[in-house]
Amino acid sequence: MRRVKGNKKGFLQTLKEYRVAYVYIAPFYILFAIFGLFPMIAGLFLSFFRWDGLGQMHFLGLGNYINLFKDTLFWKALSNTLVIGIIAHIPILLGGLVLAYILNSKLVKGQNIFKTIYFMPMVTSAVAITIIFQNLFGFNYGIINYFVSLLGEAPINWLGGDGKLIKVAVIVMFAWKWVGWNMVIYLAGMQGISNDIYEAAEIDGASHSKIVFSIVIPLLKPIILFTLIQSSIGMFNLFTEPFILTNSNWGGGPNNGGLTLMTYLLSKAPQGGNAYGYASSIAYVITFMVIIISVVLNKVMEEKDTVKRKGGK
Amino acid sequence: MVKLLLVITVVAVLLVIISFLSPIGKKVSLYVVLGLIALIMLLPFFMMFVMATLKTNEIYSFPPIMWFGSNLGENFKNMVAAVNFPRSFLNSVIVTCSHVILVLFFCSIGGYAFSVYDFPGRNKLFAILLATMMIPATAGIIPWFIMMSKFGWVNDFKALIIPSCANAFGIFWMRQYCQNNVPKSLMEAARIDGCSEWTIFFRVIAPILKPAYASLGIMQFVNMWNEFMQALIILRKEKLYTLPLMLRSMVSDRGTDYGAVMLASTCAVLPLLICFLSASKFFMDGLTAGAVKE
């Protein structure tokens with residue numbers, strides 16, 4: 001604005017001239033440096049040490065990471081997290097897309113009512129939701145076993161037994177909670193697609209599945225990618241639901257069936273345990289996996305894009 | 001399990017057949033699908049309200065009772081005896097409101113500065129800000145906690161309120177809004193009138209930003225109101241419990257008084273739920289803001 005190009009000014013003078021702007025943006029950089037950047041670097045540093053939080057720090061090199069790979073509980077937590085995350089993505093992705101497509105078609109009315117109902121879980125405390133589901137999944141009294149009994153089956157011990165079915169309960173909750181969020185985002189994306197495109201396709205005699213796969217999904221790709229990355233981050237941070245479902249058990253309930261990476265990390269430190277270095281190495285493994293997933297998803301989406309374009313030519 | 005799957009398949013096949021028979025059949029089957037899913041979404045909420053009015057032995061009965069009982073008063077007494085609900089509610093209000101106010105303030109001045117001032121290093125600084133959004137916060141969680149205890153912020157609301165109060169997403173969001181809605185001529189005019197930069201922001205710009213304040217505010221409010229993990233590791237004293245921590249303290253292996261818990265959950269969830277139902281479009285726009293408008 002007031003700056004003239006080619007007229008070199010001193011650093012202090014520029015600082016003075018744009019003082020207001022620098023003051024306005026400073027809080028973010030200061031807070032990020034203290035509460036974001038510093039802990040991140042310190043976390044990497046700490047992951048190479050053994051430290052109980054008080055005494056001397058012992059340098060271990062990659063020791064924590066090597067121990068982690070030998071730690072059966074870590075593998076259990078990792079596989080639980082991945083199983084829950086990957087299976088739960090099927091209903092929230094497909095369900096979200098199908099529901100959005102139905103609501104976007106002119107066949108049904110009351111779009112806003114359905115949208116509102118499907119979105120309700122997103123404004124509700126995860127703790128409250130989990131407590132309700134804990135009751136619904138109850139062995140001798142829960143409503144879900146009531147439906148099971150209507151089908152003539154014996155009641156299922158969802159939250160107890162050998163602990164395997166805790167994951168099913170978490171998946172159900174995860175899907176129940178996120179399907180509406182995905183649906184609302186996909187619907188907004190679909191409404192952004194011009195009606196002319198749909199009409200042209202319908203005139204050309206394209207079926208609904210054809211429209212979905214060749215028009216809607218390719219156009220929604222950036223949005224789908226966004227929701228996928230968001231929910232994968234959500235998957236690795238999965239903690240509240242299994243934790244409350246197992247009555248605040250840091251081991252994840254019977255046979256560690258509900259132990260997730262985040263629960264395991266927090267159980268090492270600062271909750272109960274004091275293996276700060278070890279916990280930091282778990283945190284870095286989680287971070288690393290989140291980054292890998294984001295990069296892979298980006299790559300996969302890009303590749304499909306280029307293949308299609310080449311095929312088109 | 002097999003029977004369950006069988007029933008679902010049969011219903012699905014029937015719906016598909018009906019939908020091919022006639023356009024009306026198609027419409028009906030779509031409504032059936034939407035309605036069934038809506039019922040599944042509503043059932044847990046409904047059961048929460050129902051159980052808040054039932055006696056413990058009614059809750060544990062089989063088949064489950066699915067209509068309101070008469071034990072609301074008793075459950076209320078048990079809830080009051082078990083936890084300090086008003087205190088937890090107040091704690092949640094304090095934490096959430098102060099966090100939201102700070103976020104709105106810092107993010108709007110930051111986003112505004114990035115959008116209207118052409119200061120040296122602007123693009124580089126903004127690129128850094130965007131890059132920080134890519135990094136998962138989990139990486140630093142352990143040192144973050146150690147820092148909080150060194151600051152003496154364990155058992156202190158500051159640990160929840162301050163660290164994320166100038167967040168990258170909020171600044172990014174505010175900058176987008178300013179770029180589309182704040183005309184530069186407005187600032188020039190105010191400057192000529194002799195307003196200081198500070199006055200320009202508060203008198204002229206802030207009123208224009210109201211819609212952006214609303215969506216960012218809703219997003220931050222909902223997230224902080226329901227925040228559990230950070231609160232769990234920071235707030236360890238019972239009198240500091242926010243609502244999610246209070247609810248958690250009512251559930252245990254030694255037997256949960258579901259009547260009282262469900263009543264407490266209802267009281268904790270209902271205010272936000274009512275706000276959502278009365279302005280659902282607003283909420284959905286706010287909460288999905290980051291996804292749709294890139």
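From the backbone N, Cα and C atoms, a Cβ is placed for every residue, glycine too.
Here TrEMBL flags A:78-297 as domain 'ABC transmembrane type-1'.
Per TrEMBL, transmembrane segment is recorded for A:21-49 (among others).
Tertiary proximity for the transmembrane segment (A:82-103) is limited to same-chain residues at least six positions away from its ends with a CB under 8 Å from its CB atoms, namely 111, 114-115, 118, 167, 170-171, 174-175, 178-179, 181-187, 189-190, 208, 212, 216-217, 224, 227-228, 231-232, 235-236, 238, 242, 260. The feature transmembrane segment is assigned by TrEMBL to A:82-103 (among others).
Here the transmembrane segment (A:123-148) has long-range neighbours at 154-160, 169, 172-173, 177, 240-241, 244-245, meaning same-chain residues at least 6 beyond its ends whose C-beta is under 8 angstroms from one of its own. According to TrEMBL, the transmembrane segment annotation covers A:123-148 (among others).
If you look up TrEMBL, you'll see A:168-190 (among others) marked as transmembrane segment.
Taken from TrEMBL, the feature transmembrane segment applies to A:211-233 (among others).
The transmembrane segment annotation in TrEMBL covers A:275-300 (among others). Remote same-chain partners of the transmembrane segment (A:275-300), defined as residues 6 or more beyond its termini with a Cβ less than 8 Å from a stretch Cβ, comprise 43-44, 46-53, 57, 60, 64-65, 67-68, 74, 225, 228-229, 232-233, 236, 261-262, 264-266, 268-269.
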Intrachain residues whose Cβ lies under 8 Å of the transmembrane segment (A:168-190), provided they are six or more past its termini:
84, 87-88, 91-93, 95-97, 99-101, 103-104, 115, 117-122, 126, 129-130, 133, 137, 158-159, 216, 219-220, 223-224, 226-227, 231, 234, 238, 241-242, 245, 258
Long-range neighbours of the transmembrane segment (A:211-233), counting only residues six or more past its ends (CB under 8 A)
85, 89, 92-93, 96-97, 101, 178, 181-182, 185-186, 189-190, 193, 197-198, 201-202, 290, 293-294, 297-298, 301, 304-305, 308
